[in-house]
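**Student:** To start, I am sharing the structure in question, which I have written as structure tokens.
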Amino acid sequence: MVFAAPCWVPPLPSDLPDSTTLEEFIFCQVKDSQTRSELDRSILICGTQGKEYTVQESMERTGRLAQGLSAWLDWPQKPSEEDWKVAAIFNINCVEFFSISHAIHRLGGTVSAINASSTADELEAQLRLSNAQAIFTCNTLLKIAMKASQKVGIPLANIFLTDAPGSYRPDDVYPFQEIDNIVRTARSSLPLLQLGRGQGSSTPAYICFSSGTSGAQKPVLLSHQGIIANIVQINTFEKFRQKGPNVSLCILPLAHSYGLVCVAYNALYRGDRLAVLPSSDVEDLLSIVEKLRINTLYLVPTLLSRILSGGKAGGHDLSCVKEVYTGGAPLHPMLGEHILRHHPTWKTKQCYGATEAGTAVSVTSDCDLWPGSVGCLLPGVQAKIIRSDGSETTKHDESGELWVSSPSLAIGYLSNPLATEATFTVDNTGRTWLRTGDEAKICLSPNGNEHLFIVDRIKDIIKVKGFQVAPVELEQLLLSNDFVEEVAITSRQDKRGEERPQAFVVRTHEGLKEPQDAVSESLQALVKARKARYKWLHPHVIFVDSLPKTTSGKIMRRALRNMCPANSEVNGRLSSKI
């Protein structure tokens, strides 16, 4: 049984551009649809420094940056699989992200978006996986970028700086090039890249990292046409909702496909002004919402919880807020109930997607709000629910693995055909399906609309603050400790009701000689030293005599989760916090 968008959702246009870059699609349509006075209106706003760019300024800046980078990196303007050009953006959120990205795209290159919280080891791994030849970063992250680039062989000359604030500037070691200087000294402006017919679907625009259905981080190739398709899908679904240009806020990491596609590019396509904030500081967020009168927020549940906790929202005028979209992780029911009680005018809407899907798969509509649902399928998306025996479900309310097909699907994983083949499957009609690894079901709402519900994650990936954490990544690290014989990582809620990696450890003979607290502290310190903050362990390591396993030797993670304290106890503490 194949499911699709509700009948009241307009159909997806059949003429999605297949020879257009993202920059041309976003900015040229805005440029063509606006009056001269509107073209002088800012579309990009730096939320901290107040710097603004119009459509004209953004495209001119991009062209000059592309010209300068072409000469500096010796990159000709052409897309070519033989001449693979990849530049990594390892930076906090900033408005320069788009000029850099589009300049690389004008050169026929691909942008590898890397989370700013990555450690030097993690950055090194992702630079290798993406085959990056240049890095764009800021002063704050420069030391990490230098360490990782040295290990992968990227020359210091290929590290470029934005003007984000920071103190680490080893100019006495190397005079790093700044973006503003390249733009200022460029002799001309490089024009838009002209893709050939059909190249939009085969030319990667971005590499975003995902753990897929299992295993460590893998580079996902998102094409120009795939991202364009997802933007059109979202806007077609929300066509009846939009009432003229708005001010949107991007506080979610642009290295995450949710922040990149669903928030940033979606807003720019609508003609919104996009305010970009570099961090998830709650006070900064609330202040800019109040100042710019932002009425739609795109958040992850953990950030929403921080906004509502401790009465922080009470000190600001948030009467402008009408809608709150959450994605990246499930919305805790108690958090939804809190919003209903204290902010009844806010429409809280969940959405669902995956990096491999090109991001969004389903979105909640004003027409049919249903608590717990992640909304209705977007136009052009087809879904089916696959039972454990491989057969398709034939009715509503039956759970199984969610498979989706969409024009926005990723090209696949870079240089990993086995993982691509395992995740993307082609049926006998030639249609490609993404195996999401998520257990889901389709249910009919009281209004008769089909809604998607995510039941559980079949895959072992843990979601922390919207970011994916692969258990195997932490397990391999912990096994390097002399006190660890065996280890399994699963998920557990902390006292705030947020998901954290939970370690179950079988100690070695040497480990048994040490106090449990000492071993626990050793393991916590190891993870904190080597991994990003969102990968840090739950404070309480659980020590066991053995790990529950199947007859084939596979760890039974669900049995381990059942050994954790009951969620009801955790939830009770959460309710006292907000």
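Cβ atoms are placed via backbone N, Cα and C, with glycine included.
Got these off Swiss-Prot a minute ago, pasting:
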type	residues	note
BINDING	210-218, 350-355, Asp438, Arg457, Lys554	ATP binding site
REGION	281-350	region 'SBD1'
REGION	351-413	region 'SBD2'
**Student:** So, by DSSP, how many helix, strand and coil residues make up the region 'SBD1' (281-350)?
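**Tutor:** Counting residues per DSSP class in the region 'SBD1' (281-350), I get 36 helix, 12 strand, 22 coil.
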**Student:** Tell me the Cβ contacts of Ala216 (ATP binding site) under 8 Å, same chain only and six or more apart in sequence, or just say none.
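**Tutor:** The list for Ala216 (ATP binding site) reads Ala470, Val472, Glu473, given in order along the sequence.
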**Student:** Along the region 'SBD2' (351-413), what average pLDDT does this model show?
**Tutor:** 95
**Student:** Across all chains shown, how many C-beta atoms besides its own are within 10 angstroms of the C-beta of Ser210 (ATP binding site)?
**Tutor:** 20
**Student:** Which residue among the binding-site residues Gln350, Gly353, Asp438 has the fewest other Cβ atoms within 10 Å of its Cβ, if you could check?
**Tutor:** Asp438
**Student:** So, three-state DSSP: helix, strand or coil for Asp438 (ATP binding site)?
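**Tutor:** Strand, per DSSP.
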